[in-house]
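> This is the structure I have questions about; it appears just below.
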Amino acid sequence: MAEQHKNPTNRAASDGLPDGVAPPRKKTNVRFAFACAILASMTSILLGYDIGVMSGAALFIKEDLKISDVEVEVLLGILNLYSLLGSFAAGRTSDWIGRRLTIILAAVIFFVGAFMMGFSVNYPMLMAGRFVAGIGVGYALMIAPVYTAEVSPASSRGFLTSFPEVFINIGILLGYVSNYAFSHLSLKVGWRLMLGIGAAPSVVLALMVLGMPESPRWLVMKGRLADAKVVLGKTSDTPEEAAMRLADIKEAAGIPADLDGDVVAVPKRTGGEERVWKELILSPTPAVRRVLLSAIGIHFFQQSSGIDSVVLYSPRVFQSAGIADKNKLLGTTCAVGVTKTVFILVATFTLDRFGRRPLLLTSTGGMVVSLVGLGFGLTVIGHHPEGTTIPWAIGVCIASILGVVAFFSIGLGPITWVYSSEIFPLHLRALGCALGVGVNRVTSGVISMTFLSLSKGITIGGSFFLYAGVATLAWVFFFTYLPETRGRTLEQMGDLFGIPNMAGDSDQQSPEKEKTTLSNVEMSSTATSSDIRNE
């Protein structure tokens, strides 16, 4: 990449600072980027609240509507499949009307769904509300990390892009609190209030997002360079970095470097949308295929390691562990929400300090140990007569559940969204992120809709031993396949994965060069741990 596109810290000497010392950041700009990331990421509260509130509301819905365990599984898990429609539609919508308006649309759709669920009088009507809410969740899951990654400077992108996961956890905690608060009401009113009150955050969100700027990368894609300069000036650490980011985005969008003006014509790529599908899905180069598999792989393993079974069915798991009273069940479940929220905040402040890989590997390894402990504790309890209390085994189960959510929250939870939103080239980013979210939601739906049946088939303890095996495979995949991305601009990801053609024009990389670059990536992904120790 040209000299002007290097990391801002490499310009320190030209700013009169010693080598290796970055120019001071403008705190006002950092705060502005921080505010934008918070507003965009608040859409994730919608999914988090739904996960949290349904875990407890399902106990009352089953009793009130007289539905079976299979119907409970479908009710809880189907939203993930419905959200697929939203995530794929969001890719096209965000490229058409912009990232900001897409966030507002997500909030409006979820409001309608939550309203319908709150006023449901039977199971079919409740499922209809789940369908609408699922569309809104799909929009929110796709657009929040994309917008945040595109508006954030490289120096704090990991910190800011982890916000969607932070707000998912806050939403889960709010859902648990809602369960506990309304559980004392009558059976018919309590669960309906739990679900219906979820419409309130979406109204506030839609109003607040109106004050956000549009993504600078989307503005450049539409040729609105003057507007993009304003946003970049407010979200970059220095004016020099703003100019560098604009030059990188113009290059990625295929706009000549010497072409300037308030509004310019953006060169149209031959084939349009068809070519994006061809480059990413139908006939990708080895480098693009690696990016796609990295994004799909991390999304798949995030959900297949069983986190939804722990979070969504935590009251059922605690019941299996010997806690029978509903108030105690919901109170203990709130501890799960608090643990997730605290540890996601730890990850937020360490992502850009320690890097993606160390936290990801530590997180997944800790989950393996915790899942094995949970499986062991539940197996011991299951082999004793019903009604027998085994305090030490109950303690192991509670500690293991808290361990699973804690380790998930310091790495695999937030890094999945950070990593997958930052590795795609600009012209493939919307579709690539939508595919990642699609895999995430399908996997989550399968896990959610099979847990009760699986636990009956191989015992509840055996289910968590199975998830521990999947988490072990995830650790191996992350260690061998995913390179470190900390500190790189979104446009510099092409150098890391061997995609110099970030603009997606017709020039193709030579096979020899691509092979060499991919070889370097392989070396990077296995040697990162020693690099970090040297740092």
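Start at 1 and count along the chain as shown; that gives each residue its number.
Note that Cβ sites are derived from N, Cα and C of the backbone, with glycine treated the same way.
Unlike curated records, TrEMBL annotations are generated automatically.
Not measured: the values here are computed from a predicted model.
What TrEMBL records for this protein is below:
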- 1-22: region 'Disordered' (REGION)
- 32-54: transmembrane segment (TRANSMEM)
- 36-486: domain 'Major facilitator superfamily (MFS) profile' (DOMAIN)
- 103-121: transmembrane segment (TRANSMEM)
- 127-147: transmembrane segment (TRANSMEM)
- 159-177: transmembrane segment (TRANSMEM)
- 189-212: transmembrane segment (TRANSMEM)
- 359-381: transmembrane segment (TRANSMEM)
- 393-419: transmembrane segment (TRANSMEM)
- 431-452: transmembrane segment (TRANSMEM)
- 464-483: transmembrane segment (TRANSMEM)
- 502-535: region 'Disordered' (REGION)
- 517-535: compositional bias 'Polar residues' (COMPBIAS)
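Distances, neighbours, how buried they are, the whole picture for these features please.
Below 8 angstroms of C-beta separation, residues 40, 43, 46, 86, 90, 93, 97, 128-137, 139-140, 143-144, 147, 192-193, 195-199, 202-203, 205-206, 209-210, 212 of the same chain, each at least six residues beyond the ends of the transmembrane segment (103-121), sit close to that stretch.
Tertiary proximity for the transmembrane segment (127-147) is limited to same-chain residues at least six positions away from its ends with a CB under 8 Å from its CB atoms, namely 36, 40-41, 43-44, 46-47, 50, 74-75, 78-91, 93-94, 99-100, 102-103, 105-118, 120, 161, 163-164, 195, 202, 215, 417-418, 420-421, 429-430, 433-434, 437, 440-441.
Residues 33-34, 37-38, 40-56, 141, 144-145, 148-149, 151-152, 194, 198, 201, 311, 330, 333-334, 336-338, 340-341, 344-345, 347-349, 351-352, 409, 413-418, 421-422 of the same chain sit 6 or more residues outside the transmembrane segment (159-177) yet have a Cβ under 8 Å from a Cβ within it.
If you look at the transmembrane segment (431-452), the same-chain residues 6 or more away from its ends with a CB under 8 A from one of its CBs are 69-70, 72-74, 76-81, 83-84, 87-88, 90-91, 138, 141-142, 145-146, 276-277, 280-281, 291-292, 295-296, 298-300, 302-304, 306, 308-309, 312-313, 316, 416, 420-421, 424, 463.
Outside the transmembrane segment (464-483), and at least 6 residues removed from its termini, the chain residues within Cβ reach (under 8 Å) are 290, 293-294, 297-298, 301, 304-306, 309, 356-357, 360-361, 364-365, 367-368, 371-372, 374-375, 378, 412, 419, 454, 458, 496-497, 521, 524-526, 528.
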> Where does the mean pLDDT land for the domain 'Major facilitator superfamily (MFS) profile' (36-486)?
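Within the domain 'Major facilitator superfamily (MFS) profile' (36-486), the model's average pLDDT equals 85.
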